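Below: one structure, written as structure tokens.
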Amino acid sequence: MTDALSPYTAVLLASYGGPRRSEDVLPFMRNATAGRGVPDERLIEVSRHYELFGGRSPINEQNEALRDALVAELERRGCPREVVIGNRNWTPFFSETVGALRDGGHERVVALATAAYSSYSSCRQYHEDLDKAMVEFPEVSLEKVGPYWAHDGFIVANVASLVAAVQSLRSRLDGGRLRVLFVTHSIPIAMNELSSDGTPERRYDAQHLQVAQQVARRAGDELGEQLDWELTYCSRSGAPHIPWLEPDVSDRIGEITEVEGVVVAPIGFISDHMEVAFDLDTEARQAAADAGLLFERAATVGTHPAFIASLADLLLEQAAIARGDLDHAQHPCLRAVTSCCHPRHRKDPHVPPAPARR
């Protein structure tokens, strides 16, 4: 079969994974924190977050919906493919999925991670884990699409979500002022400094600032106003003495005095997994209530048509690179995969990766 997605015969949707049942939670968290010396007491404490959601992570259903939408989009474009899910930390693990791909006769597969930005834990670690799967199953070649935070479809979907959220909050504010708090997953400052190629304008935090600026500007144009906004973070973990990116979104909500409402816009996440469901919909919402502020959370991009179309575009671009129709040097992630987003131990062996929740 030769089409726009050739030479790839399947798509691997690479994700973090998450528990499906209460009894899965602690084993999942042990997998996600393996080798870091995190005591079970701490894991049990964090696992209580899942009790609020029936002992399961929302990420599995979100990934299945994303998979189905991507299958439909590829079929619409005339290049139907099997799209399978593989996870780093829970079933189906990469080894299970890649083994099934080999058994199905697939030799060259394109991988797409459910993380849009550049950092060790959100990009390079996926490369490393996929490499391990290829060592186990050398018959299958896996080639990963790079970060897609700058892709227009991702921006468009976030703009639509923010416009809807601002309009919803405005209807309850009775003329009051609001602020947009863009949110992403915090990471250790040392990891941020090593993200992308390490230059300040291309690092993890800078990527989010660029997205926030574009989304705020475009949403403001649609709404006919200039939005007041700032970038915040969530899900900080690790030892207190190790600095992470700040400010924390809930802390920031508690400090705001000049507005009557806040819109929380999770531009750092593509779906409503645990960081969104607990850190934003539960903790940040409560922080707003405690501060006497109205609260609205913008939707994640999820299966927004513009976002799904952008993912399909990226897959076809990767296929063109694989065929030699597009110069891979134009793709910064592919050009520098051995030099970008260094593992944390290159700088500080005590810096932990992102926490074990999804």
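Keep in mind that glycine also has a Cβ here, set from the backbone N, Cα and C atoms.
What TrEMBL records for the Fe-coproporphyrin III site is S57, Y126, and among Y16, Y148 the residue it adds there is Y16. When the neighbouring Cβ atoms lying within 10 Å are counted for each of the binding-site residues (Y16, Y126), the highest count belongs to Y16. A separation of roughly 19 Å, to the nearest angstrom, links the Cα atoms of E275 (Fe(2+) binding site) and Y126 (Fe-coproporphyrin III binding site). The Cβ of S57 (Fe-coproporphyrin III binding site) has 25 other Cβ atoms within 10 Å, all protein chains considered. Nearest Cα neighbour of H185 (Fe(2+) binding site) among the listed binding-site residues (Y16, S57, Y126): Y16.
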